[in-house]
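Novice: Below, the features straight out of TrEMBL:
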- 2-77: domain 'Lipoyl-binding' (DOMAIN)
- 126-201: domain 'Lipoyl-binding' (DOMAIN)
- 253-290: domain 'Peripheral subunit-binding (PSBD)' (DOMAIN)
Amino acid sequence: MAEVILMPRLSDTMTEGVIAAWHKKVGDAVNKGDLLADIETDKATMELESYQQGTILHLGAAAGSKLQVNDLLAIIGKAGEDVSALVAQNGGAAAAPAAPVAETATVPAPATTAPTGKSIDTSAMEEVILMPRLSDTMTEGVIAGWQKKIGDTVKKGDVLADIETDKATMELESYKEGVLLYQGAQAGEKIQVNDLLCIVGKPGFDVDAVVNALKNGGATTTVAAPAETAAPAATNTATAAPTTVVVNEGRIFVSPLAKKIADEKGIDLRYVKGSGDNGRIVKSDIDTYVTPAASAPAASSPAPAQTTSPVAKTSANIGEVSFDEVPVSQMRKTIARRLSESLFTAPHFYLTMSIDMDACVAARAKINEVSKVKISFNDMVLKAVATSLKQHPKVNSSWLGDKIRYNHHVNIGVAVAVDEGLLVPVVRFADNKSLSQIGAEVKDFAQKAKDKKLQPSDWEGSTFTISNLGMFGIDEFTAIINPPDACILAVGGIAQVPVVKNGQIVPGNVMKVTLSCDHRVVDGATGAAFLQTLKSLLEEPLRMLV
């Protein structure tokens, strides 16, 4: 029997993936371990291998397309096997039926109303929406408010509810059209991650059977379908009569998903008519938007979206505005989202300290005479931080909303710059490792990051983070806390400056570090005590060996 492959969750924060490239096409033979595709996640581009043997019978999306986690990715089975039922069941669209669907817009309607009331397979027609993990530390969410009530019609892109997470209050949008049949909790109540949130589907569906099956563990995993079949008809109706040009003045109300798609497509929201509540622009408005024709009156001037003048093709001259726009990668989007959440939800404060590195410079030179692994100053800072964290456990902590987690283990994230952005691989149990072990591990992580070989397990589970820009000539800087950690240490370069020793002005090696703290967890005195311990260890590095 054919095997269905769904888009896997390749990182703890991943909600969707982009098919960077397919390495197999429909009809190709596949062995276990063969590379199927390259998947661009919010962290990196990763290779997806096959765990089945057979023939590629269906691909769920073309290269460059996005798929939500658990959407249909591919089907592998025996050559010639009919997989149309599997494609339909998992929300895909088989290539063969494409022509009949295009003949009349009414053909798909009867097909989607097949009786499934007695079925426990919730992925067949209805969308069972579970509480999503909206942050890497989220274990439960609070329904801040429902935007739809039971019986309301729901369109793709409509906001279903406001979810209060451990980081912020976020809007949850629907990826399906139908009727809201069930709500798993009332406003103000908590729901655990992956518990039933609501059901959107066709009227008459046996909701009780699904709810009972999910509560008793008797239902199959729900697959949220992309529901793309209605898009062509909607597009045709939109192109039939673009008679007026909408111009939105002042504040424009738009859902986050619609805004993201509009930015990707280069659509000016001033000219999009919103069909949501109170004129709110939703995803379906972007999907059906058609740029006004060139023959439209000049007064409406939507020309920037269709600029094809010779000026655009010439190279920029002096005094001429010029720029490039590139699509935002999944990694960049995640960096923007997570660090924005951190900066605007965690009250940051900063403590800076100067450290005399003369003894460290001398110790490093002697260590590298005998060590098989070349030790860097960053390795020595990491070792000193790990030792300091054992003495100051309140710094090695996380804010979890209604509780604070004090970690007994020391897992230190090391910020590594890559072309696409920033990755933070984790040195685990750093307090129990030697300088040589730390040095070898950090170098291995740096190489893996450049080669895009890091795995999700490499960047998960940090309890503290170090960001070092000293190698770029930066004297000091402040860093944004990497959630869920409570602190991050920004490390500057070592500079030779005049210092006073024994009443004499002499040249000295000085390094500045800045500790960014989440004031919900760490107070000023706690952070200062940690820095004092760190300073003493780096100024007398032999103490790290005790």
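Glycine is treated like the rest: Cβ placed from N, Cα and C.
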Novice: What are the helix, strand and coil residue counts for the domain 'Lipoyl-binding' (2-77) according to DSSP?
Specialist: 0 helix, 39 strand, 37 coil
Novice: Please list, for the domain 'Peripheral subunit-binding (PSBD)' (253-290), how many residues fall into helix, strand and coil according to DSSP.
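Specialist: Taking the domain 'Peripheral subunit-binding (PSBD)' (253-290) as a whole: 21 helix, 2 strand, 15 coil.
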Novice: Could you give me the DSSP helix, strand and coil counts for the domain 'Lipoyl-binding' (126-201)?
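Specialist: Grouping H, G, I as helix and E, B as strand yields 0 helix, 39 strand, 37 coil.
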